[in-house]
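J.: The structure's right below; bear with me while I get my questions together.
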Amino acid sequence: MTRLFRNREIWLALAIIAVIVLVTWRFSRFSQPSNLLTILNDTSILMMLALGQMVVILTRSIDLSMASNLALTGMIVAMVNAAFPMIPIPFLIAGCIIVGGALGAFNGILVWKLDIPPIVVTLGTLTIFRGLVFVISGGAWVNAAQMSPDFIQLQRGSLIGLPILTWFAIVVAALFFVLMTRTPMGRSFYAIGVNPTASVYTGINVGRTKFLAFVISGAVSGLCGYLWISRYVIASVEVASGYELTIIAACVIGGVSIAGGIGTVAGALLGALFLGVVNNALPVIGVSPFWQMAISGAAILIAVVLNARGETRKGRIILKKAEVAA
Amino acid sequence: MTDTTSTVRRLPDRLDNPFRSALLSWESLLVLVAIGIFVANSIASPYFLNAWSLSDMTFNFTEKALIALAMALVIITGEIDLSVASIIALASTLMGLVLNAFGAPTPVLVLVGILTGLACGAFNGFLVTVLKLPSIVVTIGTMSLFRGIAFIILGDQSFGGYPRDFAWFGQGYVFWVISFELVLFLVAAVIFYVLLHRTNFGRRVFAIGNNATAAQFSGVRVDRIKFVLFCLTGLMSGIAAVLLTARLGSTRPSIAQGFELDVITMVVLGGVSILGGAGSIIGVVLAALIIGLVTFGLGLLNVPGIVMSIFTGTLLIVVIALPILWRMWKEKRA
């Protein structure tokens, strides 16, 4: 029992329930199933992005380019859809995942082969990808009228009572859960985050594993590019501008350690959900949207303080050379 | 984030030949890049080569570069401060608030801006050193927090009506065509150069970045120095807030959005290792100049701002990658 309560996912879930209960106390309609489903649906994209970011952070890297990748892939798919409306949507989605994954692979190659620190690489590609959105679109918007009906309607449909967008999040989360807990690749993400040197000796290729992490975060960003554009039915240069830090915030609140090696799928999902619930609750209880930023900032700081107590520092590094050799 | 693998900051140099190693230093690479861009600019636009143009150009980077000077020290110790742009927003908002509520005179406004910056920096420093939290996360949090407070105060409003003598800080010229901002930046650059490269404090900053534990055991007060450095970045952000507000003549909570990434780009391009332990002020000054030249040159050619970001992003990656590729090529040949 005490062990259960030391689990941070439980605390986070309790915090989310507490927020819902507090808001319901003022506005009973807030906790109606339909409203809770809406919140879940609103948060789906952030959840998927947080999972992608988590894999990268686990390997002691960071991907600042996710939001720009999303905007670029989203713009490409919107323009393709506007130009060739006959292309079936599943092909477009597959295309998004490939394009996003390729952009992620670009980050990954620079980290893997040239050994440039991930924060520098993705700082560069953050601005490059965002600039490319402008270049390919000429600064113009793609709006609802130019998109095909299928493109917009797909995620508005529902399946067994849940919106399609939520199903996307569920499928992605399930894939991540299997990847992280049931496959050697998932274990190697944790391993190189906990101790890169030891990982080398167990035969893990650290550089390649980081590369794969970036491909995964890129592919997720690409998928979310389509979902974002078709949800808000506008593709512009400004799409998801500054969102990269919200994604990282969701991870941090979810207990993913920025020093690598610590984090769970459930944690990242709950971290994203926490931000989603808070952001949905504020307008309901009559707090102006201008408070939103300050409150999420405070939530991040509190989460970090709580995180820091739970984490044990990593052990000694004896053979630093092995890392270099990797 | 804390990998030990890095050879990013130096070109491969031969220690036995000081002349050769000076020639191959990071700074000389930056000088070459700067000269190249300068020449390209002068060829590309007939409006580039005159005193007023060049003076205007400095406005492109002085505010960010002031912060970059302090940020370089923070990054050399292995920490990072992502909240600098939000500190500008908060400091600028409080200046506007004081002006509109009490009609405060210019000296009070400047003081409010600088002290707000200092207080925000101290708050970051407190969280990083006393509570032992990772700075990247702390400053992502305070980044939202500080700008959030600015939004709470201002909402979607803006403050204007700054006095004429206040505007001088952002628009005034000291020696005919040399702006006050540039003079301030040059003075600050000299101070930071001496601080980092000529004092014990600077040596301790490098020591912390190379090995904080070893530095601690050799008597360096690691936490105190880190705290001071975060205060210093806050202070420089406060000063930048005064300059920027004076130059724009108004305050909005969205002011300086995205500055933090530009500042870090300058620092990293300047050869400061993002993993800590290496870097120089001269490199940062040169990198700031390069970014100023690039954005101004592209501006003269009517390249939109968002497209300029492709150039700065590519510049960042290419300049960092070049020495690594060079080293790989040499190794393959040997």
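Glycine residues also receive a Cβ, built from the backbone N, Cα and C atoms like all the rest.
Note that the structure is predicted; figures quoted are calculated from it, not measured.
The following feature annotations were taken from TrEMBL:
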type: TRANSMEM; residues: A:9-27; note: transmembrane segment
type: TRANSMEM; residues: A:39-59; note: transmembrane segment
type: TRANSMEM; residues: A:66-84; note: transmembrane segment
type: TRANSMEM; residues: A:90-112; note: transmembrane segment
type: TRANSMEM; residues: A:119-140; note: transmembrane segment
type: TRANSMEM; residues: A:160-181; note: transmembrane segment
type: TRANSMEM; residues: A:188-206; note: transmembrane segment
type: TRANSMEM; residues: A:212-233; note: transmembrane segment
type: TRANSMEM; residues: A:245-278; note: transmembrane segment
type: TRANSMEM; residues: A:290-308; note: transmembrane segment
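I'd like these features described in context: how deep, what's nearby, how far apart.
T.: Counting residues 6+ beyond its ends, the transmembrane segment (A:9-27) has Cβ neighbours under 8 Å at 36, 253-255, 264, 266-267, 270-271, 273-274, 277-278, 281, 284-285, 306 in the same chain.
Listed by sequence, the residues of this chain that lie at least six past the ends of the transmembrane segment (A:90-112) yet keep a Cβ under 8 A from its Cβ atoms are 61, 63, 65, 69-70, 72-74, 76-77, 80-81, 118, 121-122, 125, 129, 151, 207-208, 210-223, 225-226.
Beyond the transmembrane segment (A:160-181), the same-chain residues lying 6 or more positions past its ends with a Cβ under 8 Å from any Cβ of the stretch are 37, 40-41, 43-45, 47-48, 51, 55, 154, 189-190, 220, 223, 227, 231, 264-265, 269.
Note on the transmembrane segment (A:212-233): residues 44-45, 48-49, 51-53, 55-56, 58-59, 61, 63, 65-67, 69-78, 92-93, 96-105, 107-108, 111, 118, 142-144, 147, 151-152, 154-155, 165, 168, 172, 185, 189, 239-240 of its chain, located 6 or more positions outside it, place their CB under 8 angstroms from a CB of the stretch.
If you look at the transmembrane segment (A:245-278), the same-chain residues 6 or more away from its ends with a CB under 8 A from one of its CBs are 8-9, 12-13, 15-16, 19-20, 39-40, 42-43, 46-47, 49-51, 53-54, 57-62, 66-67, 173, 176-177, 180-181, 190, 192-195, 295-296, 299-300, 303-304, 307, 310-311, 314.
Sequence-distant contacts of the transmembrane segment (A:290-308) (same chain, at least 6 residues past either end, Cβ-Cβ under 8 Å): 8, 11, 246, 249, 252-253, 255, 257, 271, 274-275, 278-279, 282.
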J.: Using a Cβ distance cut-off of under 8 Å, indicate which of A:39-59, A:119-140, A:188-206 has the most pairs with the transmembrane segment (A:66-84).
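T.: Selected stretch: A:119-140, with the most Cβ pairs under 8 Å.
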J.: Apart from its near flanks, which chain residues at least 6 from the ends of the transmembrane segment (A:39-59) lie with a Cβ under 8 angstroms of it?
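T.: Residues packing against the transmembrane segment (A:39-59) from afar: 66, 70, 118, 163, 165-166, 168-169, 172-173, 176, 180, 189-190, 192-193, 209-210, 213-214, 216-221, 223-224, 227-228, 231, 243, 246-248, 250-251, 254, 256-258, 260-263, 265, 267-269, 271-273, 275-277, 280.
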